[in-house]
Each structure stands twice: as C-alpha cells, then as structure tokens.
Amino acid sequence: MLTDIVILAAGQGTRMHSALPKVLQPLGGKPMLAHVLATATDLAVRRIHIVVGFGGDAVQAAFPDTQASWWIQAQQLGTGDALKSALPGLTGADRVLVLYGDVPLLTAATLREFLQQTPVTALGLTTASVSEPHGYGRILRDADGQVQGIREHKDCQTDEQAICEINLGMMVLPVQPLAGWLQGLSARNAQGEIYLTDVVAAARADGYVVWPFTLADATEALGVNDPVQLAILERVFQRQQLRALQMQGLRVADPARVDIRGELTCGQDCWVDPNVLFVGEVHLGHRVRVGAGAVLQDARIGDDVEILPYSHIEGAQIGAGARIGPFARIRPGTEIGEAAHIGNYVEVKAAKIGAGSKANHLSYLGDAEIGTGVNVGAGTITCNYDGANKHRTIIGNDVFIGSDSQLVAPVNIGDGATIGAGSTITKEVPPGGLTLSRSPQRTIPHWQRPRRDKK
C-alpha cells in the first residue's frame, strides 16, 4: 500500500491581518507548517506534497532543505481545487492522506492509527463530537448511522446546525477515482468555493465506504484562522511540551508561565521558575536552577549551575557549578568554566572564562581569554574595538584586576599579576607584580566650588 501525503498550505489567512502567509505564522518558535511537515515526515510515506498559493515563494523559501514536492494553486478556489493542483504528483500512489498547514498539533501516532484503521478502498475522514460545533462542517448520517456527506457550516440548514459531530478536515482518499471526484465538484455554495468535503457524497455515489475516524483528543485538530486562535494553540502547545518534560522529571514552578521555542532537554532534578523562555536548542545538566525571567537560547548548561533571575544566555556553554546573574548577559561564543561566577550587570561576549574565576559586578568582557582563579573587579572593561577591528585580551591564572580598570586590547596580563584599581592598561603586564596606571593624587586646599551668578 503506497501512501502519499498532501499538505494544503495555499490559504491567505486574511483574518490574521498579516503580510506573512498563514502557514508561516510561528508556533513554539517555528512556522506552523514546520510542525505539520515534521509530523508528515515521521510517517515515512512514499512522498510528501505541499500545495501553496498566497505567498508561495516565501513559503518555499522558508523550507530550502525539504524533500517535499511543491505545487501551486494558481487561484484560491477552495480546498478541492487545491488538492487538484497536486494530482499529477500522485501517480503511482494507492491513496493520499490530506493534511492542513494550519493544523499543527496533530501527532504522528494519531495519523498512523487513522491510516491503519481506514480500509484500503475506503474514504477515511476525521471526526469529533463537540459541545460547540459553530464554524465546523457537520457530519451527515443516514438512519442507519452511515456517513452520507459533510455540510460546511455556512451551508447548514437550521436542523443541521444542531449536529454536534464535526468534520476535522484530515482525510484519506483512494487515488484511482480521485481525479473524477474532484472534476465533478462545483462551487455552488455559500462561499463560492470548491469544497474538498464534497468528495464524500461523490464517493458514496460510486459505492465507496466512508470510514469515520474519531480523534481521542480533538485538540490535536485545532486550526488557526486568526491571532486569537493562534494564541490559544500556542498555550496548548506549550502545555504539551512542558507536560512531557515534567513527566521526565523537570520541576516547573508554573507551567503556564514558561515557554519553549525550540528543543529543551534536561537532566535530573532541574528547577525552572516563572517567566523563563527557552529558544533554539537548550540543554540543562543535572540539578540546574533557572531563575525567574531568564532567557536561554542555544545554550548548554552544565551540572549544578545556578542561573539567577533575568539573565540572558545565548550561544554559550556554562560549566558545572557556575553561577550566573542576576541580570547577566552571556553572548555567543562564550565558555564559562566550572565554578565561575558572572554577576549582576556583567556582559560577556566571545570570551573564555576559566574555572573558579569571578566577575561579580558591572563589567564588560569581550573577545577575552581569562585563566583560572581570576578576580575581575567591578567596572572592568576589556576595550576590544578600535573603531575598525576587534582585538583580544589575554589574562593569565590567579590574576587580580582592581575595580574600574580598562584593558585596552590587544594586551596580555601574566599569571599572578595584580592590576591596581582605576588603571588603564595598554601594554603587556608581567607575571606576579603590581601594575598601576594612575595620575598622582593631589589636594588643592581652600578650593572654592563654582557658584551661580546672581541675576
């Protein structure tokens, strides 16, 4: 049995009020279509097809590495016409699973069960019984309970609007008769569109069995038509992500106030406070604590690390036992060594900080290599930029740098050196000694402060 998948992604999404095509609207940090495409790929079918229309170039550009085939719906004439656009690619397939680019929560397990339960020669459709069916197509059954067709909401008669069994959209269709069914569809309906759902009546007329598949969890089939629905799906998606991590041992103070926009993996006994954001690929080792308001992006965090509130870590590695923040910013290319401390209002960029070193207050450490056991005093700046190029600062082991020092790169500071507070260092500092660069202190006795002129 050869199965293809067609993802319908041609809609403009006018109710989104956005220049971005609807299927590119982000969910969990990725376009909605990316979630659908990943699920389709997990099913390992013969071939995946994507039908685009509005903003088709932008949609294709967002997925340069996909192996899916692209098809263009030239005019927005409805879902039936959209599927017709992909018919040439279905040659050789026995059946086709139709998915939607704006229904991103479906799981591969659910779709695999749908495919397995639908008989080979049947038309399969997905249904659910809900208390509020407004806006959904209704499932029409005969006196024997057999599915006769689907009536879109805007075309329902008064008695049909009371039906609570709804069509969720996903279908399995036999390929051999499909072209004829689609060719016979018309746009004589309330929306003036060619409905894919009308193939159900066509299949019945040709003697095909219509096989309804009821989803155990109808939230998987939630779609997006406007920003309100997108926000609802975002919360559902985040709850799903966090629930899975909690079941693996992650402790979260308030799951409703933590967002994952990428992939988060955790060791044992990790703790996450409210309003934390994880972006990209983030790994937490064992016993990591993440304080309120922190942002972690594409970061690897070692065991026993404490990240204090409102710290931002991006593209960095944090060694075991380190302490970050509060209000610290760790920028890309940074490696923080074991048991190192980066404190409040310290910014570190493209720097390597050795084990046990500390920069606890109000410093900028950029393009630097700092050894082990170094103390960086408050207000220390590595002056790495000359207006045209970046230069590196090299600091050895067991160095003490006094407060309010400027290290003008390129510069090397030897092991065990001490830099006096308030120094501007422009030359190499030898190991072991005390280096100062200050104007001599002097006092002007009986000095008078300036006074304002009287008017």
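Here the Cβ of each residue, glycine as well, is placed from N, Cα and C on the backbone.
Classification of His361 (active site, proton acceptor) by DSSP places it within a strand. Annotation source Swiss-Prot lists active site, proton acceptor at His361.
Annotated UDP-N-acetyl-alpha-D-glucosamine binding site per Swiss-Prot: 8-11, Lys22, Gln73, 78-79, 100-102, Gly137, Glu152, Asn167, Asn225, Arg331, Lys349, Tyr364, Asn375, in sequence order, evidence recorded as sequence analysis. In the three-state DSSP scheme, Asn375 (UDP-N-acetyl-alpha-D-glucosamine binding site) is classed as strand. Taking all protein chains in view, 17 other C-beta atoms sit within 10 angstroms of the C-beta of Asn375 (UDP-N-acetyl-alpha-D-glucosamine binding site).
When other Cβ atoms within 10 Å of the Cβ of Asp102 (Mg(2+) binding site) are tallied across all protein chains shown, the result is 25. Look at Swiss-Prot and you will find Asp102, Asn225 tagged as Mg(2+) binding site, backed by sequence analysis.
Residues annotated as acetyl-CoA binding site in Swiss-Prot, with sequence analysis given as evidence: Ala378, Asn384, Tyr385, Ser403, Ala421, Arg438. Within its own chain, Ser403 (acetyl-CoA binding site) has Gly377, Ala378, Gly379, Thr380, Ala421, Gly422 as residues 6 or more apart in sequence whose C-beta sits under 8 angstroms from its own.
Here Swiss-Prot flags 1-227 as region 'Pyrophosphorylase', drawing on sequence analysis. When pLDDT is averaged over the region 'Pyrophosphorylase' (1-227), the result is 91.
Residues 16, 25, 27-28, 104-105, 219, 222, 255-256, 258-260, 264, 266 of the same chain sit 6 or more residues outside the region 'Linker' (228-248) yet have a Cβ under 8 Å from a Cβ within it. Annotated region 'Linker' per Swiss-Prot: 228-248, in sequence order, evidence recorded as sequence analysis.
Marked as region 'N-acetyltransferase' by Swiss-Prot: 249-455.
Taking H, G and I as helix, E and B as strand and the rest as coil, DSSP gives the region 'Disordered' (420-455) the counts 0 helix, 5 strand, 31 coil. The region 'Disordered' annotation in Swiss-Prot covers 420-455.
In this structure the alpha carbons, written CA, of Asn384 (acetyl-CoA binding site) and Arg331 (UDP-N-acetyl-alpha-D-glucosamine binding site) are 15 Å apart. Each of the binding-site residues Leu8, Ala378, Ala421 was ranked by the number of other C-beta atoms within 10 Å, and first place falls to Leu8.
For the pair Tyr385 (acetyl-CoA binding site) and Arg331 (UDP-N-acetyl-alpha-D-glucosamine binding site), the C-alpha distance works out to 16 angstrom. When the C-alpha distances from Asn375 (UDP-N-acetyl-alpha-D-glucosamine binding site) to the recorded positions Asp102, Asn225, His361, Arg438 are tabulated, the minimum falls on His361. Arg331 (UDP-N-acetyl-alpha-D-glucosamine binding site) sits 32 Å from Arg438 (acetyl-CoA binding site), taking the CA atoms of both as reference points.
It is 11 Å from the Cα atom of Gly101 (UDP-N-acetyl-alpha-D-glucosamine binding site) to that of Asn225 (Mg(2+) binding site).
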